Amino acid sequence: MNQFYKRHFLRLLDFTPAEIIALLDLATELKKDKKSGCEQQKLVGKNIALIFEKDSTRTRCSFEVAAYDQGARVTYLGPGGSQIGHKESIKDTARVLGRMYDGIQYRGYGQRVVETLAEFAGVPVWNGLTNEFHPTQLLADLLTMREHLPNKSLNKMTLAYLGDTRNNMGNSLLEAAALVGMDLRLVAPKACWPEEAFVISCQALAQKTGGKITLTEDIAEGVNGADFLYTDVWVSMGEPKEVWQERITLLKPYQVNMRVLTLTGNPQVKFLHCLPAFHDDQTTIGKQMAEQYDLPGGMEVTEEVFESAHSIVFDQAENRLHTIKAVMVATMSKI
């Protein structure tokens, strides 16, 4: 019997270390089958609702292509396409959609929303992103890390994350590191560290799995010996402009540039980013940021690093498809 059948995928700590590895193994298998043209459809006849209270490129495309590859059909409910939480409660929306669909993806705001959907839908619910967690991204990250260091197990790898570690990526990295026994360094000013109680709980789990979680303001200490450097955008478009100035000033020293890569002491170090990235001035926002905050070479990462051989961000982006497909197949297929 499939251990994942009809389960939700809301956050990584809902799973055991062995289950996370099993999902990664399934993703590897599905990716291989797709590349070789011998993929077997296990979701034929399934209907999937994709709720997006926040717009997305990678998450939407990954869920849609994964569903189509497996023979399922999707309905996209965008920011203006549903009444969830406005004219209809989350609880009622869950019970309606659960009668019509075999699985529901939610990408939006509070974790409580996706948890309520899961509580009342009666079908598998998957977290495409909330303010608190981004578990599908971390599955893609772990798969990418395994692919680029095939002779090293996850519990022997070291990852340093630079920037604002209080966000959903910081939280999910903490959970992932604790589960797989990784050496995780969160490198950031103290004002940008995650909630202390949550860090302590993840460190306690990491002790059991052989992992190590370190928080430091010292860049050289944090990145020394790292196999992977990771960062994310420093500001979100929905945040007020005054927040931008304060945070960018705070995080400028933590930009991932060639100097930081050199500090790792690892000439083979790889760079990760969940995208989109402000690495140049070729977008409207990127140009505005570069001019307003004196960041001509990029914001959280420089163009030089982003376009270098160290960067594996597009392998990482592709793996969103394969890991999301693994979650869908695992939770909606009996075998």
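Quick reminder: no glycine exception, Cβ is built from N, Cα and C everywhere.
Among the features that Swiss-Prot reports, carbamoyl phosphate binding site is placed at SER56, THR57, ARG58, THR59, GLN83, ARG107, HIS134, PRO135, THR136, GLN137, CYS274, LEU275, ARG320, with the record citing sequence analysis. Annotation source Swiss-Prot lists L-ornithine binding site at ASN168, ASP232, SER236, MET237, citing sequence analysis.
Features per Swiss-Prot, on structure.
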residue : record                           : DSSP (3 states)
SER56   : carbamoyl phosphate binding site : coil
HIS134  : carbamoyl phosphate binding site : coil
ASN168  : L-ornithine binding site         : helix
ASP232  : L-ornithine binding site         : coil
CYS274  : carbamoyl phosphate binding site : coil
ARG320  : carbamoyl phosphate binding site : helix
Binding-site residues compared (ARG58, HIS134) - highest count of Cβ atoms within 10 Å: HIS134
Packing count at ASP232 (L-ornithine binding site) (other Cβ atoms within 10 Å of its Cβ): 25
Least surrounded among the binding-site residues, given as SER56, THR136, ASN168, SER236, when other CB atoms within 10 Å are counted: SER236
CYS274 (carbamoyl phosphate binding site): tally of other CB atoms within 10 A of its CB: 23
Set of same-chain residues at least 6 away whose C-beta sits under 8 angstroms from ARG320 (carbamoyl phosphate binding site): ARG58, THR59, SER62, THR136, GLN137, ALA140
Top Cα neighbour of ASP232 (L-ornithine binding site) in the set of binding-site residues SER56, HIS134, CYS274: CYS274
Integer Cα-Cα distance in angstrom, SER236 (L-ornithine binding site) to SER56 (carbamoyl phosphate binding site): 13
Those binding-site residues, out of SER56, HIS134, CYS274, that come within 10 angstroms of ASN168 (L-ornithine binding site) at the Cα: HIS134
